[in-house]
Amino acid sequence: MGVLAWVKSLFILQLLIGFVFVVSGLIINFIQLCTCVLWPFNKQLYRKINTRLSYSLWSQLVMLLEWWSDTECMLYTDQATVDKFGKEHVIIILNHNFEIDFLCGWTICERYGVLGSSKVLAKHELLKVPLIGWTWYFLEIVFCKRRWEEDRDTVFSGLNRLKDYPEYMWFLLYCEGTRFTEKKHQISMQVAESKGLPKLKYHLLPRTKGFTTTLHCLKGTVKAVYDVTLNFKDKQNPTLLGILNGKKYKADLSVRRFPVEEIPDDEKECANWLHKLYQEKDKLQENYEKEGCYPGPTIKPKRRLWTLLNFLFWATLLLSPLINFTWDVFVSGSPLLIIGFMIFLIVSSVAVRRLIGVTEVKKTGSSYGNIEAKKEN
């Protein structure tokens, strides 16, 4: 292990990074709360401010990927497609196989200027997660319980509200509904067999309702659907803890652009289009397993300094008083203060670890196999 790798693995440094993220996130959430007074008078100004506030938080995670772990992201697509990045409203369809797939998506968003305005159809449980759920609430993220009877009105109203969004947005959909595991895959393919659909090897059966509804509501706003298929070199299985430890990964993303005009308007035909798309995604993953890469030209987008500068700003603002306070505590020699500070460190480390746990595959739930899940598809 090199000196730099050893330094990155130090728990105290990781705790300080977590401290900066959590405290800056709480400050950002408070400012977001204050901006709510703007909504009745100037909705678009509220949105522009919150887009930049959310960028200031999310870019700290992107900084970990790009600068702390030095993870590389390679795009497999043509230049004509890349030239449209950040210049149109789009729906993103991304496979859900890895703990950091969202982070790889965010780093591409950041490099093309749409990180702050990126959207997602998120499960309702995430609304209760501090920082993440709270920031998404102020960003008008659409939350769903994955029970269509309960979600219908909420999803329709949330999507329709985004039609006049002032910033170019990338709306992310995990059409598989949950992260891929072998157990979920077995159950999913039983559902596919019962419906007479081709079996997939590397994906779960897509849940079509979310896609068809999103496309229907945002038609006239979104100009295209980007199909993004993610994998990692050398069969790496990246984790957020690995990123925090400074481990470098090499991500490959195949990106295909489909103009909205090419996608059927009819709900059933649109659902069939999505199933066909996932069959093509499965072939792309099979090709990657054999060849170690996706077909087509490659483009390596350059990382930007903004994520690093943003983190350094928050670190300078927050760590200086923390270090001074820590010094005063230990110089005071007060056992009560020292014990209290140690308890604070323990609570902080547990809080950061719980936030990381949200991304872990083993802690993600699935309703595959339930009667309700089958009805949703």
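Cβ coordinates come from backbone N, Cα and C, glycine included.
Copied from TrEMBL, the annotated features are:
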type	residues	note
TRANSMEM	12-39	transmembrane segment
DOMAIN	90-212	domain 'Phospholipid/glycerol acyltransferase'
TRANSMEM	305-323	transmembrane segment
TRANSMEM	329-352	transmembrane segment
Chain residues outside the transmembrane segment (12-39) and at least six past its termini with a C-beta under 8 angstroms from it:
45-46, 49-50, 53-54, 56-57, 60-61, 64, 68, 130-131, 134-135, 138, 244-245, 311, 314-315, 317-319, 322, 345, 348-349, 351-352, 355
Across the domain 'Phospholipid/glycerol acyltransferase' (90-212), what is the average pLDDT of the model, as a whole number?
93
